[in-house]
Amino acid sequence: MAPPGSSAVFLLALTITASTQALTPTHYLTKHDVERLKASLDRPFTSLESAFYSIVGLNSLGAQVPDVKKACAFIKSNLDPSNVDSLFYAAQSSQVLSGCEISVSNETRDLLLAAVSEDSSVAQIYHAVAALSGFGLPLASHEALGALTARLSKEETVLATVQALHTASHLSQQADLRNIVEEIEDLVARLDELGGVYLQFEEGLELTALFVAATYKLMDHVGTEPSIKEDQVIQLMNTIFSKKNFESLSEAFSVASAAAALSQNRYHVPVVVVPEGSASDTQEQAILRLQVSSVLSQPLAQAAVKLEHAKSVASRATVLQKMPFSLVGDVFELNFKNVKLPSGYYDFSVRVEGDNRYIANTVELRVKISTEVGITNVDLSTVDKDQSIAPKTTRVTYPAKAKGTFIADSHQNFALFFQLVDVNTGAELTPHQTFVRLHNQKTGQEVVFVAEPDNKNVYKFELDTSERKIEFDSASGTYTLYLIIGDATLKNPILWNVADVVIKFPEEEAPSTVLSQNLFTPKQEIQHLFREPEKRPPTVVSNTFTALILSPLLLLFALWIRIGANVSNFTFAPSTVIFHLGHAAMLGLMYVYWTQLNMFQTLKYLAVLGTVTFLAGNRMLAQQAVKRTAH
């Protein structure tokens with residue numbers, strides 16, 4: 001139990017900014033996510049490309065490969081000096097490894113310079129320029145820019161444009177990079193918005209992350225703020241960090257590069273504000289603790305955090321304003337214990353200052369102030385209906401049960417009066433859930449009523465048997481009266497056995513048998529009546545019909561016996577035998593269709609038998625025709 005004068009604070013949810021209506025980051029990299037991303041990048045090298053993704057990706061997160069010398073040796077042993085891509089991966093990887101120097105021959109330098117041409121793809125130009133920059137070799141930026149611009153006009157894909165941004169960041173600041181910088185605005189226009197929360201290219205998350213990394217790298221290089229709105233930066237951030245598990249190294253590398261760019265650039269640094277700890281961490285003191293960090297969960301210790309205002313959700317009245325947070329370790333704290341706020345919900349508007357690069361730096365937190373409820377002035381009364389007898393009142397103190405029983409019948413009503421107060425402040429409370437439950441001790445029947453406060457916040461429940469007989473099914477008996485108090489802001493919800501009440505309904509209205517209100521009792525079995533089968537015809541009729549059906553076959557056999565069957569032309573040629581067997585098989589199939597198969601199955605088998613029988617019959621008739629012609 002909290003001591004008097006204190007309240008409990010529960011942090012519920014981070015909502016959108018109230019003052020600026022700017023978007024709030026919904027996805028970012030927690031410390032656990034950062035470690036998981038590092039694990040995705042820290043894989044055994046399988047190629048120079050995979051080494052590049054691992055080494056440079058880890059460096060973006062402020063880490064490095066476990067064995068720098070081994071990584072450097074791998075790069076040198078796998079370097080192909082005649083391949084521009086290989087040189088790019090080696091140059092960029094060795095650049096972030098301390099003490100890893102790679103010597104380059106004149107032939108290799110000439111190869112890279114030759115690749116910076118209009119005839120090369122944008123990807124080749126990017127790799128060549130970045131390799132020359134990584135190896136510290138001289139480069140004519142104006143010529144490279146001309147080749148890049150000419151080639152980019154032929155390759156208008158998003159990937160080529162992003163690679164052009166990366167390329168420009170390696171060129172001299174003296175070069176006129178305005179045309180390349182203007183491509184950023186065109187790329188932003190090609191982004192797709194999803195639900196007002198996400199912004200991405202249709203090519204997917206990886207290219208979106210590479211675009212963010214390339215944009216801020218180039219803008220830091222030329223010293224110009226990118227043409228991206230703050231809301232768009234947050235939408236891009238939500239897209240990039242929405243995925244937590246990565247199957248490919250390239251995707252993990254792109255996310256790491258974007259995270260580094262968003263946490264370390266000269267123009268836009270998104271701020272992530274999250275409550276510190278769970279609700280139980282702050283039960284005994286009114287302290288709001290916040291973690292303020294970058295997208296990589298790096299604490300922004302240099303930030304200044306202050307409360308703009310706090311408003312009651314119910315009344316919208318301002319209860320706090322212009323209060324600074326204090327930095328305790330890596331956590332910002334606001335102690336408002338002395339204010340003694342009533343229990344309820346409050347919207348805290350918090351602003352993070354200290355750097356003009358901060359965006360999404362005004363957030364609104366929904367805070368719940370909890371307290372303990374106390375029950376006072378509990379009176380149980382029996383009131384005569386014609387008021388000829390003075391009411392009998394008994395006062396009960398929570399959590400004791402009233403002694404004796406109370407009677408409610410056709411002559412007197414039963415009434416319950418009580419008040420609810422805040423244990424900490426003494427203020428009156430009106431919780432959302434205040435119920436009176438009456439439980440029949442014999443049948444288990446339960447009836448629940450809502451207790452309503454009057455204009456003085458005194459709760460009253462009155463039981464008039466003539467008005468409440470429908471709720472009770474006119475079931476007389478002894479009922480246990482429970483008082484139920486509950487609310488989301490209460491630390492001590494109450495279920496109190498207050499008293500036993502004998503309720504008597506007029507006997508002429510009472511049912512002969514009181515049924516339990518248990519909804520789970522077995523229901524009466526339903527007896528189904530099926531339609532009687534139709535009478536079948538006599539057996540004589542069925543036999544007569546069968547004989548009539550078979551009579552043509554019997555007549556055929558009789559005529560064959562009488563005049564003889566002409567089988568002189570029957571041959572045992574394969575076509576003749578197959579034809580007759582096929583014909584017999586089709587007759588047999590008709591029988592099987594009648595007894596077992598459906599129409600579609602029968603048609604499938606009939607198609608096979610019919611085809612074979614047709615071909616055999618055609619062959620048989622052709623042979624008979626040849627015989628007749630010969631004779």
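Cβ from N, Cα, C; glycine included.
Positions annotated as signal peptide by Swiss-Prot: 1-22. The topological domain 'Lumenal' annotation in Swiss-Prot covers 23-540, 593-596. The feature N-linked glycosylation site is assigned by Swiss-Prot to N106, with a curator's inference given as support. The ubiquitin cross-link feature in Swiss-Prot is assigned to K154; the stated evidence is similarity to another entry. What Swiss-Prot lists as transmembrane segment is 541-561, 572-592, 597-617, and the listing cites sequence analysis. The topological domain 'Cytoplasmic' annotation in Swiss-Prot covers 562-571, 618-631.
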Chain residues in Cβ proximity to the transmembrane segment (572-592) (below 8 Å; excluding those fewer than six residues from its ends, i.e. six or more beyond): 602, 605-606, 609-610, 612-613, 616-617, 619-620, 623
Could you give the residue numbers and ranges of same-chain residues that sit at least 6 residues beyond the topological domain 'Cytoplasmic' (562-571) on either side and whose C-beta is under 8 angstroms from one of its C-beta atoms? 623-624, 627
Same-chain residues at least 6 beyond the ends of the topological domain 'Lumenal' (593-596) with CB under 8 Å of its CB atoms are 602
Taking residues 6+ outside the topological domain 'Cytoplasmic' (618-631), which of them lie with a CB under 8 Å of any CB in it? 569, 571, 573, 575-576, 579
At the level of the C-alpha atoms, what whole-angstrom distance separates K154 (ubiquitin cross-link) and the residue listed as 'N-linked glycosylation site'? 31
Rounded mean pLDDT for the residues that make up the topological domain 'Lumenal' (593-596): 88
Can you see whether DSSP assigns the residue listed as 'ubiquitin cross-link' to helix, strand or coil? coil
Reported in the order helix, strand, coil, what are the DSSP residue counts of the topological domain 'Cytoplasmic' (618-631)? 13 helix, 0 strand, 1 coil
Going by DSSP, give the three-state secondary structure for N106 (N-linked glycosylation site). helix
